[in-house]
Amino acid sequence: MTETAVADDHALAAELAGAAGRLLLGVRDEVGFADARALKDTGDLRAHEYLMAALVERCPGDAVLSEEGRSSVAGKRARGADRAPTRNTADAERLTAGRVWIVDPLDGTREFSEEGRRDWAVHVALWERLPGGGGRLAAGAVALPAQGLILRTAATGGALLVRDDPGEPLLTATGRDLPREVPLHAPAPEAGKLRVAVSRTRPPEFVRVLAGKLDLDVELVPIGSAGAKISAVLLGEVDAYVHAGGQYEWDSAAPAAVALAAGAHASRVDGAPLAYNREDPRLPDILVCHPVSASTLLTGIRDVGGALPE
Ligand SMILES: Nc1ncnc2c1ncn2[C@@H]1O[C@H](COP(=O)(O)O)[C@@H](OP(=O)(O)O)[C@H]1O
Ligand SMILES: [Mg+2]
């Protein structure tokens, strides 16, 4: 821990994800939905700038890897964004840092720009170097601002589901009133059935092939945002998220941290552990599910290996 680090990184991750999420709800109100490009760009930039400034202030000794600090924002600046974004920590620094915040200020940017959609998220994760080499996800939070929810890791171990809208009564997908904060456990699937979350806009073909091969009643459920899909697994709205063909560390770090803390299986599609803060931030595939489904899915994915995207 750096000297200035807060005692509870888990609470900080949730606080920042929640605040960025509320800021994004305000951007939706302010900019409106008529110009989707303007709404996406403003949301990306404002959430990124907020998180970078907050992390510099609260954890000045830590490094940051943010989606929007990379080339995408440089491109937006070139197109005339009015405020210069704060930059990521230089790669050389983050690759030797003890603690690196891996953030996706707005995951599911497309869905954020579509009126009425609730499947977009803010991801804040903390990666920590281990003394023996390598590292681990030490904390994480996924805010689902349009759903009034935060899914987060807890200092005591495990994961929590937090209602981030104390003023409003809120019903979960299962129709039950949700108290302010409840332990979050990945629920097991119904026997013989498997609901698999896939991208709304670019579902990988191999998941359809996989669905056809499994000896289960498989339903593919299109949802936007990696964080919203992994949250849907943890909330019992689907049973698995299978993705391959491209993604980056910020797309999965925070939701994977929460999923693992909630007792879910989270790995590469070949079963290898998810590894973060690498030189190349590409992390192109992921499987998240209840542990009882993991071997069926990993075997199924291996058997349709030929259909996996490059
Ligand atoms: N083939 C691919 N290559 C790169 N990124 C991908 C990808 N498929 C999905 N992603 C990223 O994963 C997130 C979820 O995508 P999807 O909703 O299609 O499942 C999105 O993050 P952003 O919204 O932060 O860009 C998207 O950019
Ligand atoms: Mg993303």
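Heads up, the Cβ atoms here are built off N, Cα and C, so glycines get one too.
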Select one of Asp251, Asp270, Asp280: the residue that TrEMBL places in the Mg(2+) site alongside Glu67, Asp104, Leu106, Asp107.
Asp251
Glu67 (Mg(2+) binding site) - helix vs strand vs coil (DSSP):
helix
Measuring CB to CB from Asp107 (Mg(2+) binding site), give everything in the same chain under 8 Å that is also at least six residues away in sequence.
Glu67, Trp120, Ala121, Val122, His123, Ser225, Ala226, Gly227, Ala228, Trp250, Asp251
Kindly assign Asp251 (Mg(2+) binding site) to one of the three DSSP-derived states: helix, strand or coil.
helix
Among the binding-site residues Glu67, Asp104, Asp251, whose Cβ has the fewest other Cβ atoms within 10 Å?
Glu67
